[in-house]
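What TrEMBL says about this one:
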REGION    24-66  region 'Disordered'
COMPBIAS  26-35  compositional bias 'Polar residues'
DOMAIN    69-148  domain 'RRM'
REGION    156-186  region 'Disordered'
COMPBIAS  164-177  compositional bias 'Basic residues'
DOMAIN    225-299  domain 'RRM'
Amino acid sequence: GSKPNCLSSPSPNRSPIRAQKFLEKLTTTEVSTSPAEVAARRRRGAMAEANQNTNPNPAPSGGEAPPNVTIYINNLNEKIKLEELKKSMHAVFSQFGKILEVLAFKTLKHRGQAWVVFEEVSSASNALRQMQGFPFYDKPMRIQYAKTKSDVVAKADGTFVPREKRKRHEDKGRKKKDQQDSNQAGMGLNPAYAGAYGAAPPFSQIPYMGGAKAAVPEAPAPPNSILFVQNLPHQSTPMMLQMLFCQYPGFKEVRMVEAKPGIAFIEYGDEMQSTVAMQALQGFKITPENPMLITYAKK
């Protein structure tokens, strides 16, 4: 297939690096940032300084909102379906910290825009700085802090009224699940209960073993240019994975198996390139419950 449109030469600060120290270093230096970012930061610094000289309580300059947990993104590709857009944004931005909510709306007025609500201000700041201008679905993202207390932020921090309804709905779902669990236990589906009756549970009831065959671990595949990714959320799309894996040099393509949701193959130019991507994204969570498990694919 044709090479996907992504960063042709990814800059190191685009990758999801878990070393917090490196992120902290980035916040204090201007190394490995684009000239435009550096210029923007200097401009902001100069404005802030000018403000401080004239006003003991400086307001954010030039209509910019002060740092907060919500970032506002525009210039997004309007052709992308809303649900896929939200999932892809979650996938790309969750490298910076816990996301409470991704908001985007169908209305004409809100097309091409989204809000990402983080738990921590530091996550929002890192995301804003590192993803500024990132080519997302072929369009560079424009990111700024959300103007505080818009409806969107109110929705996220609980001051928005309809939130009650959603909470009741979640509680109902939780009760239903608890009920199912206790029913299963009563029916002896839980191996612990089966064992209590003096019989070892059949293989099919041992969790995660996948029957007897999987009980014998196979030798891992030797390093090669194709990665095998497991434990993906079932709603993952090839585009979401492409957004993550194409941040690393040598990315070629994503292959998903329709009959088997939750797994994918990612191909790179050579095994060095695939190894860099594997180390950077190992354990990366697209959703809080799904840390990626990445190995080399068996040839």
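Using the three backbone atoms N, Cα and C, a Cβ is placed for every residue, glycine included.
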Reported mean pLDDT - the domain 'RRM' (225-299): 90
Residues in the domain 'RRM' (69-148) grouped by DSSP into helix, strand and remaining coil: 29 helix, 23 strand, 28 coil
